[in-house]
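Read the structure below first, then the notes.
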Amino acid sequence: MKTSGGTDAMKRRAGESAASTVDDGDVVGLGTGSTAAHAIRAIGERVDGGLDVRGVATSFASRELAIECGIHLVDLDEVTGPDSAGIDVAVDGADRVADGDLIKGGGGAHAREKLVDAAADRFLVVADPSKETAALDRPVPVEVLPSGRGVVADAVREAGGEASLRRAERKDGPVVTDNGNLLLDCAFGEIPDPGTLAAELADTPGVVEHGLFVGLADEIHVGTAEGVRVREV
Ligand SMILES: O=C[C@H](O)[C@H](O)[C@H](O)COP(=O)(O)O
């Protein structure tokens, strides 16, 4: 995604701020998107300087970038489950941040992101100020089984929303996720009660994962023109 130099600098500050909190020996969840990419690069620079971490990628894109940055990667199932190391910290971006709740999935990566971010002891969100709003107000990306898209679209309409299949820009047809599924962008207007909507979407047959991240974030790092605002939630 192309951003202005100013916005990109703010994203970089947020990413670097979160990356600076990673400790030696940590297992780190590596988020997806342009802001998380700054964090991955900053962690990579610290690895060059001797930091010893293991990364868990949340997408094809974050895996590629982590490899380029020299971050040793492990699979999620190597560090989770009984007697496993667990994930110490995850750093990830967001499309909207309101009261610590998030909408994610602008890049279609929210299913794996939620697995990793929710499993982490600390989940740090990195964002620029344009992501902060009073209420969650943009369409919620919902990953669906391909054959279930009509069923899910009907359920979304019954819940007061409107679902649109996400189409690819440079190919005819839909966006296919890293998991081989489709995406419905579900517009509900302003979402007054994200927890209730999250539960409704999660209960809908055919939904693989939705992009509402409710009560998962621990810290929000917002890069600004002047520096970084860090807030615990
Ligand atoms: O699926 C993509 C992710 O949820 C991203 O973290 C989110 O879209 C934010 O991306 P960006 O930092 O590029 O705005």
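Note that Cβ sites are derived from N, Cα and C of the backbone, with glycine treated the same way.
Small disclaimer: the values here were computed from a predicted structure and weren't measured.
According to TrEMBL, the region 'Disordered' annotation covers 1-26. For the region 'Disordered' (1-26), the number of residues in each DSSP class (helix H, G, I; strand E, B; coil) is 15 helix, 0 strand, 11 coil.
Among the features that TrEMBL reports, substrate binding site is placed at Thr32, Gly33, Ser34, Thr35, Asp92, Gly93, Ala94, Asp95, Lys104, Gly105, Gly106, Gly107, Lys131. Around the Cβ of Lys131 (substrate binding site), a 10 Å sphere holds 22 further Cβ atoms from the protein chains shown.
According to TrEMBL, the feature active site, proton acceptor maps to Glu113. In the structure as shown, the Cβ atom of Glu113 (active site, proton acceptor) sits within 10 Å of 32 other Cβ atoms.
In this structure, Ser34 is the one among the binding-site residues Thr32, Ser34 with the smallest number of other Cβ atoms inside 10 Å of its Cβ. With a CB cut-off of under 6 A applied against ligand 1, the binding-site residues Thr32, Ser34, Lys104, Lys131 are reduced to Thr32, Ser34, Lys104. Note on Asp92 (substrate binding site): other Cβ atoms within 10 Å of its Cβ, all shown chains, come to 32. Following the DSSP three-state reduction, the secondary structure of Asp92 (substrate binding site) is strand. There are 21 other CB atoms within 10 A of the CB of Gly106 (substrate binding site), with all protein chains counted. Apart from Thr32, Gly33, Ser34, Thr35, Asp92, Gly93, Ala94, Asp95, Lys104, Gly105, Gly106, Gly107, Lys131, the residues listed for substrate, the same chain places the Cβ atoms of Gly31, Ala36, Ala109, Glu113 within 8 Å of the centroid of those Cβ atoms.
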